[in-house]
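Listed in Swiss-Prot for this protein:
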- Leu122, Gly126, His127, Leu128: (6S)-5,6,7,8-tetrahydrofolate binding site (BINDING)
- Lys230: N6-(pyridoxal phosphate)lysine (MOD_RES)
- His229: site 'Plays an important role in substrate specificity' (SITE)
Amino acid sequence: MFDRAQSTIANVDPEIWQAIQQENVRQEEHIELIASENYTSPAVMAAQGSQLTNKYAEGYPGKRYYGGCEYVDIVEQLAIDRVKALFGAEAANVQPNSGSQANQGVFFAMLKPGDTIMGMSLAHGGHLTHGSPVNMSGKWFNVVSYGLNEAEDIDYEAAEQLAHEHKPKLIVAGASAFALKIDFERLAKIAKAVGAYLMVDMAHYAGLIAAGVYPNPVPHADFVTTTTHKSLRGPRGGVILMKAEYEKQINSAIFPGIQGGPLMHVIAAKAVAFKEALSPEFKEYQQKVVENARVLAQTLVKRGLRIVSGRTESHVMLVDLRAKNITGKAAEAALGNAHITVNKNAIPNDPEKPFVTSGVRLGSPAMTTRGFGPQEAELVGNLIADVLEHPEDAATIERVRAQVAELTKRFPVYR
């Protein structure tokens, strides 16, 4: 028997409790600009910490390999119904434990080792799981990569030529570091012309898509994968949306194909997040995310920094640091010392190594969640520029850190 009053983390494991408290302070006192990070609601976190973590539920609602699943069936069905409504999908699988496993599930269902896939080059803003040679997708399949044109937009004409030349079985759309809107309809036409499936990985853009401020790939793609965190502001996990005709294949690929028992506490948290995302408040939030990103990018340009693609049409932007003679690694460290959290990121055709890079990636979802508006976004842009102009000046770092402290105190994450 467990005594809730005594079985607290603080009592059971003081070392872990201390680390959690330190991380809480960091999140409250630092400005979070990593585009793939966000803050979940207390309701989402409560679902993840619920008794549902105790329940094994191999299978799917109404067809389980374990008894006692009548209530987790309700939870999973709610998650399925809500995410279908959110994106207008015919079918959904909410069991993938991550976005990478969602992608792997589609590959496992529809491809065989040695098949040809075509995806956006990691060097141009794609994702590891879209065919990078260091990932299983690049090891198991023959990969053809498309990228950006001279204007740093997706080179759709080159992608079309590659598709006709190589006849891929599956085309992957989506990116992890691309700021503009993706023409999913055009990519769908390319896929159809060569007899390929189209899979869209919308992990970065899912929250924006749910709110209608970014193009929805669901009407155009055979499969749409996503994480449930990032801009969607849910728990860490994955989802696959699909045409109804592929539901059985995808479900079998996830279980028993690549996963065993689903994480029911996480699926409950996904359901809560989907309900939050269906609200009018969430749409307003995403509109602010896009506006804050636009203001942040414009401010950086005014301060002499170059934004890859020249602008952002979403929540994310890549900053080219070469004109400032500073690497992404050094910029990440300097901004971190000022309590502004970013991640170093390669720019298109980056001459630096992946652990060094010539750029940083910035995103607006987390700062918007804590209440920042255009005025704060402009201030943050100027603070970033101040640090990048004097990355080794202790007085500048101290001044910016003090301004960050004042700003984060006015806009707490959790009251």
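Including glycine, each Cβ sits where the backbone N, Cα and C put it.
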Self-check item: Lys230 (N6-(pyridoxal phosphate)lysine) and Leu122 ((6S)-5,6,7,8-tetrahydrofolate binding site), Cα-Cα, nearest whole angstrom
Solution: 19
Practice problem: Just name the winner among His127, His229 (the recorded positions) by count of other CB atoms within 10 A of its CB. | Solution: His229
Exercise. Sort out the sequence-distant neighbours of Lys230 (N6-(pyridoxal phosphate)lysine) for me: same chain, 6+ apart, CB within less than 8 Å of its CB, listed by position.
Key: Ala35, Ser36, Glu37, Asn38, Ala203, His204, Ala206, Gly207, Pro365
Quiz prompt | Between His229 (site 'Plays an important role in substrate specificity') and His127 ((6S)-5,6,7,8-tetrahydrofolate binding site), the C-alpha gap once rounded to whole angstrom | solution = 16
Exercise. Measure the Cβ-based neighbour count of Leu122 ((6S)-5,6,7,8-tetrahydrofolate binding site), defined as the other Cβ atoms within 10 Å of its Cβ.
Key: 24
